[in-house]
Amino acid sequence: MRGVATDIGTIHFIGIGGIGMSGIAEVMHNLGYRVQGSDIADSYVVEGLRKRGIKVAIGHAPENVDGVAVVVTSTAVKRGNPEVEAALAQRIPIVRRAEMLAELMRLKSTVAIAGTHGKTTTTSLVAALLDAGGIDPTVINGGIINNYGSNARLGASDWMVVEADESDGSFLRLDGTIAVVTNIDPEHLDHYGSFDAIKDAFVEFIENVPFYGAAMLCLDHPEVQAIIPRIRDRRIITYGFSAQADVRGTNVTPGPDGNRFDVVVRDRDGNSRTIEGIHLPMSGRHNVQNALAAVAVALHMGVPDEKIVSGFNGFAGVKRRFTKVGEIVTDEGVVTVIDDYAHHPVEIRAVLSAAREGAGAGRVVAVVQPHRFTRLRDHMDDFQQAFNDADMVLALPVYAAGESPIEGVSSDALVRGLRDRGHRQANVVADADALAASLAASIKAGDLGAGDMIICLGAGDITKMAAGLASAVEGAA
């Protein structure tokens with residue numbers, strides 16, 4: 001960090017396997033700092049860090065912080081954690097993840113990408129276009145960028161692209177030179193208390209942009225559009241499908257290999273031009289919207305049109321964003337298994353719409369693992385209306401993520417609501433074995449076959465089930 005030598009001692013990350021923590025740890029390691037960490041379990045993220053030379057202990061123990069200079073924690077790590085308590089006893093400084101990220105951002109000019117949904121994909125797309133334009137940014141993302149094989153990378157330029165997490169309000173520490181807001185929906189109400197407070201936080205995030213920076217705002221989203229009049233003395237560039245957008249997507253044509261579209265760009269003098277023939281190798285209209293945010297950033301930073309087109313062509317996607325993880329071979333043909341991080345009703349609706357687009361005449365089976373009892377409680381009505389594009393819904397038990405159960409809030413309640421709203425095939429499955437057995441029975445009955453898609457949805461451990469689902473179903477047949 002600027003003005004701080006890299007020999008300050010060892011920096012210890014508690015929960016280093018978390019997707020946000022790991023990115024900061026990796027970049028700091030690449031900058032030359034001594035970095036280590038701990039996590040409660042092995043994971044692909046932990047293995048990736050070890051391959052890069054970062055020591056990771058499994059399990060939290062007081063001795064893990066012996067001799068370290070500073071401890072970094074996320075909001076998920078609370079008092080009572082043995083490493084936190086040991087650090088306090090030894091008077092070792094403890095800093096939050098967002099504070100450390102903010103220190104990294106002081107090194108460079110930054111594109112900070114916020115929004116209730118679409119942050120990770122948009123961050124990845126911005127990085128891809130800046131790479132194509134020769135800018136070579138440092139990147140810290142909330143998901144694995146397939147082109148990098150990691151969620152972080154140290155670039156050679158003076159620019160950094162970061163995903164700004166609004167969940168605990170800490171994104172207000174991240175002062176971007178360029179800010180992007182993809183959308184604003186009622187989420188993380190346990191922290192903010194009200195939707196108005198969430199909107200106020202996004203206004204403050206935008207106002208943190210310096211006078212020489214810019215804010216890229218999605219004009220299609222009503223709540224984003226509604227806060228624009230509140231922004232004073234900051235340059236605003238709008239994007240979306242709206243005819244009023246400065247960067248507007250047109251002629252969107254979905255296909256089996258993603259989307260093709262054009263972009264109409266209008267400058268401040270009212271003149272316009274069109275970037276034609278963009279190919280985005282991702283399904284879903286919502287991903288075209290994310291791509292438009294990336295176009296807005298790239299154009300503002302001087303990336304030529306032809307480099308924008310080539311940047312999209314070379315984009316390899318993001319792990320757990322509509323990721324194909326397997327195929328189930330049936331007598332009729334192949335059923336595709338997709339893994340996706342979607343865990344909010346808006347996200348689920350968008351992913352299932354993309355699946356319906358991709359499946360064509362095929363059937364779409366949604367396997368959902370609700371994430372957190374509070375989220376399911378706060379959005380139960382929306383969840384019960386989010387599965388209209390799924391021919392069949394199989395709901396696993398709620399992934400608690402450390403929360404205590406809430407009476408009346410369960411996957412059974414979700415399924416009852418789906419049925420009450422007219423869904424013809426919605427059922428609860430108890431675990432991974434029951435899921436495999438249910439899908440195998442559907443294949444045997446001829447209800448699932450060639451051209452069909454199984455979409456696994458959730459932010460919990462459903463990703464592990466998705467990875468092994470094809471072999472589990474074939475074994476249960």
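Backbone N, Cα and C define each Cβ position, glycine as well.
Pulled from Swiss-Prot, these are the features on record:
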BINDING   Gly115, Thr116, His117, Gly118, Lys119, Thr120, Thr121  ATP binding site
**OP:** Just name the most isolated of the binding-site residues His117, Lys119, going by other Cβ atoms within 10 Å of its Cβ.
**Re:** His117
Original post:
Within the chain of Gly115 (ATP binding site), which residues six or more apart in sequence place their C-beta under 8 angstroms from its C-beta?
Top reply: Thr122, Glu166, Val180, Val181, Thr182, Asn183, Ile184, Cys218
Original post:
For the ATP site given as Gly115, Thr116, His117, Gly118, Lys119, Thr120, Thr121, which other residues of the same chain have their Cβ within 8 Å of the site's Cβ centre?
Top reply: Ile113, Thr122, Thr182, Asn183, Asn290
**OP:** Look up Thr120 (ATP binding site) in the DSSP assignment and reduce it to helix, strand or coil.
**Re:** helix
Subject >> binding-site residues listed as Thr116, Thr121, least Cβ neighbours within 10 Å >> reply: Thr116
Original post:
In sequence order, which same-chain residues at least six apart have a C-beta under 8 angstroms from Gly118 (ATP binding site)?
Top reply: Thr182, Asn183, His286, Gln289, Asn290, Ala293
Subject >> Other CB atoms, at most 10 A from the CB of Thr120 (ATP binding site) >> reply: 23
